[in-house]
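**Q** Here's the feature list from TrEMBL:
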| type | residues | note |
| --- | --- | --- |
| REGION | B:1-52 | region 'Disordered' |
| COMPBIAS | B:43-52 | compositional bias 'Gly residues' |
| TRANSMEM | B:65-89 | transmembrane segment |
| TRANSMEM | B:117-148 | transmembrane segment |
| DOMAIN | B:123-348 | domain 'ABC transmembrane type-1' |
| TRANSMEM | B:160-178 | transmembrane segment |
| TRANSMEM | B:210-229 | transmembrane segment |
| TRANSMEM | B:282-304 | transmembrane segment |
| TRANSMEM | B:329-348 | transmembrane segment |
Amino acid sequence: MAKRVSASNVTAYYGGFKAIENINLTVEPKTVTALIGPSGCGKSTFLRSINRMHEVLPGARVEGSLTIDDQDIYDRDVDVTAVRRTIGMVFQRPNPFPTMSIFENVVAGLKLNGVRKKSILEDAAEKALRAANLWGEVKDRLGKPGAGLSGGQQQRLCIARTIAVEPQVVLMDEPCSALDPISTLAIEDLMFQLKDKFTIIIVTHNMQQAARVSDRTAFFSIEKTGDPGRLIEYDNTQKIFSNPSVKKTEDYITGRFG
Amino acid sequence: MGETPHRSADAGTGGTRVTQSHEWPAGASARVAEAPVSTRSPGGTGLGGGGALPRSRKFGAERAFRGLTLAAGTAVLVIIAAIAIFLVAKAVPALRANTENFWSYEGWSPNETEPKFGIGALAFGTVLSSALALLIAVPVALGIALYLSHYAPRRLGTALGFLVDLLAAVPSVVFGLWGRDVFSSPVRDFSVWLNQHFGWIPLFGGDGPFGASVMLGALVLAIMVLPIITSLSREVFLQTPTANEEAALALGATRWEMLRTAVLPYGRPGIIAAMMLGLGRALGETIALALTLGITFGISFNLIQNGGNTIAANIANAFGEANETGRGALIASGLVLFTITLIVNITARAIIYRRREFTESAA
């Protein structure tokens, strides 16, 4: 249920603008990896290129190779939708489908996969909601609109929606930046539980969060505005936050720049 | 434009809510606006210097503007009431003079000494041709709108969207003349073909002549309502939050599945509103149908034989030679048309209102 993600020489463009250049890193299964760095350093771009969401924007493209357990997801013969089903994504702002109920939101991905049988959908919805620590709060109102929940609940609903299709890898793009501290804590706890089953990669601006939740941390940075983002240092989280090998990383985590 | 469904959903609940929701922003903005004003006034106590707060003003732009909006709101009610009173006052004498049943008689001769006229066939023709037009136009319009908003390259989408809007600017009399003189001959050929192969279906039966039929009228109507439905739904589709589209894509949806999961449900109230506007235009369309329909006074589901008539087309055709009773009769028919349109609108509002829990939280 969890796979290794390897990037080699990944370069991504928005039209003529090169956003990231030559990113090389490997994420081990069943770990949490945090991507940190100043705004505009390309960490979200890199995250979005892992499940091929980057190319959704007009003019955006990716070069280099990205593999999931040795399968190149940018291979010509690979079905994009299959890649995205294998590599789920949770976004910065909670984005439940506004016209759907809580239940419909959770099973949306399964329905896209052609699952129609009500009993299967119900079991899967309960399982996903329990895994997202949301079941107790919503089990009596599964028919109500998903958008009627609080921000933190909505984000956990989106996590439930993502894990309901049982992906191998879960990408999280600043999943707590729109949430209050209590909801943030709930999501962080959830990440601890989820890494038993999934490979998790999270982009965060919050360095305490990176230190709390991740096993490994990748630090991205740019020289100046307009330059492509590069991977500066990638190591065990403990090492990055206590004794980084690169001066720039140390400057960033101690708050001297960025 | 994307706001339309929300607004119309609110409007269905009546005016009180609108005025209530006005109180707050008005009061709040007045307070914000007053602070800088009071600092400029010579007699004022200046910037928070410890003097008393300035008194609230009795008269001013705030109050005047509120009066203006109230007047504008009231004007709508007055106009609607005036129209209703006019229609009823003119219609009642003619209806009294009618020697046949107004609802069931199939014919229209109100100018005789013994006036005979009935609305049934006309109302039926109106609803039939409009419904048929909508049936043809809506799938095409939604297809165009989805293509323009989600498939076409941006520049092409803008250009095509402009062309579609241009179609809305063509006067209806031009559509009517085109339908009668140009479009009728392919429709006639098609009707003959339908009659030969599918004549066993009552819709396409009959012995001719074909051409100036409900089908021709409905097709012309469909082309006329196409632009309004297309451009409104396109606006609504463009309003779909990117976050929802990305959520669908990230779950592994194809483009079409994304449209079905995120875009179409989000745009549903807007699509209904667009359809109702289109239906409103189709129901009231006058000259294009007066020119293309065969003008008969019978209730028939046959779509391809010469025939068909609508309330509005009949008013246009008959008003010229109408006497006092004749005009009254036509106005009575106008009243019925008014009622049909009202029912259509109320139904649409009801459909939108029923789903408000899901659409209001969409923002």
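Positions of Cβ are set from backbone N, Cα and C atoms, glycine also.
TrEMBL entries are annotated by machine, without manual review.
Are these features on the surface or tucked inside, and what touches them?
**A** Here the transmembrane segment (B:329-348) has Cβ contacts under 8 Å with residues 83-84, 87-88, 90-91, 94-95, 98, 102, 108, 110, 115, 117, 119, 122-123, 126-127, 272-273, 275-276, 279-280, 283-284, 311-312, 314-315, 318-319, 322 of the same chain, all six or more residues outside its ends.
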**Q** Thinking of Cβ pairs under 8 Å, which stretch from B:160-178, B:210-229, B:282-304 has the most of them with the transmembrane segment (B:117-148)?
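**A** Out of the listed stretches, B:210-229 contacts the transmembrane segment (B:117-148) most.
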**Q** Let me spell it out: take the transmembrane segment (B:282-304), skip the flanking residues so only those 6+ beyond its ends count, and list any with a Cβ under 8 Å from a Cβ in it.
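**A** For the transmembrane segment (B:282-304), the far contacts come to 106-108, 118, 120-122, 124-130, 132-134, 172-173, 175-177, 179-180, 184, 191, 194-195, 202-206, 210, 212-218, 220-221, 224-225, 310, 312-317, 337, 340-341, 344.
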